[in-house]
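So that you can see what the record holds, here are the features copied from Swiss-Prot:
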type	residues	note
REGION	30-53	region 'Disordered'
COMPBIAS	30-44	compositional bias 'Polar residues'
BINDING	Cys88, Cys89, Cys153, Cys183	[4Fe-4S] cluster binding site
MOD_RES	Arg111	hydroxyarginine
Amino acid sequence: MAVLSAPGLRGFRILGLRSSVGPAVQARSVHQSVATDGPSSTQPALPKARAVAPKPSSRGEYVVAKLDDLVNWARRSSLWPMTFGLACCAVEMMHMAAPRYDMDRFGVVFRASPRQSDVMIVAGTLTNKMAPALRKVYDQMPEPRYVVSMGSCANGGGYYHYSYSVVRGCDRIVPVDIYIPGCPPTAEALLYGILQLQRKIKRERRLQIWYRR
């Protein structure tokens, strides 16, 4: 009967197993020493990156952030689009305003005057002769203003892309926020584009502290 005096195994009596257990204990101690000598044991574990917005560092930033949230909530909940129908896509735009989809439940109400609108839906083929009128209507809209390009013709010319009289995309005349593909896009697609515009407005940050302007 033999007693093995190895660290971690004091007081354990092993019967005839000195030769078999000894190398295992030595190997265990070697592995422990290598693990403790490695660089991973001395460096603390770094926390994982989190996709969370940074907290405001001052009361001023906190107030401005909350005001931004309030203004964005009011703005995205009361979008007033200006109808600028140029071709067959305008029929689907009217379909979205009909009772089946009822865009009024999202706060979207059509206005006849650009001075009362904050969204312009360009639906259809934009020609070179109509481009100045489009820009004039856009300039009459108050800030902040948004543009939704509806259909392939408004996005890039569509079926008439190679025509000499067609503008290859209304974004060459006015800045576009939302592109809706299709020829023509359905009323569901236009409604989805309006919801995406609301999400974009929700993330906007327009207010700034006076000393950071």
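Heads up, the Cβ atoms here are built off N, Cα and C, so glycines get one too.
The DSSP secondary structure for the residue listed as 'hydroxyarginine' is strand.
Of the chain residues outside the [4Fe-4S] cluster site list Cys88, Cys89, Cys153, Cys183, Ala87, Ala123, Gly124, Thr125, Met150, Gly151, Ser152, Ala154, Gly158, Gly182, Pro184, Pro185 have their Cβ within 8 Å of the site's Cβ mean position. On a Cα basis, Cys89 ([4Fe-4S] cluster binding site) lies 18 Å away from Arg111 (hydroxyarginine). Taking the Cβ of Cys183 ([4Fe-4S] cluster binding site) as reference, residues of its chain lying under 8 Å away and at least six apart in sequence are, in sequence order, Gly151, Ser152, Cys153, Gly158, Tyr159. Other Cβ atoms within 10 Å of the Cβ of Cys153 ([4Fe-4S] cluster binding site), summed over all protein chains shown, number 28.
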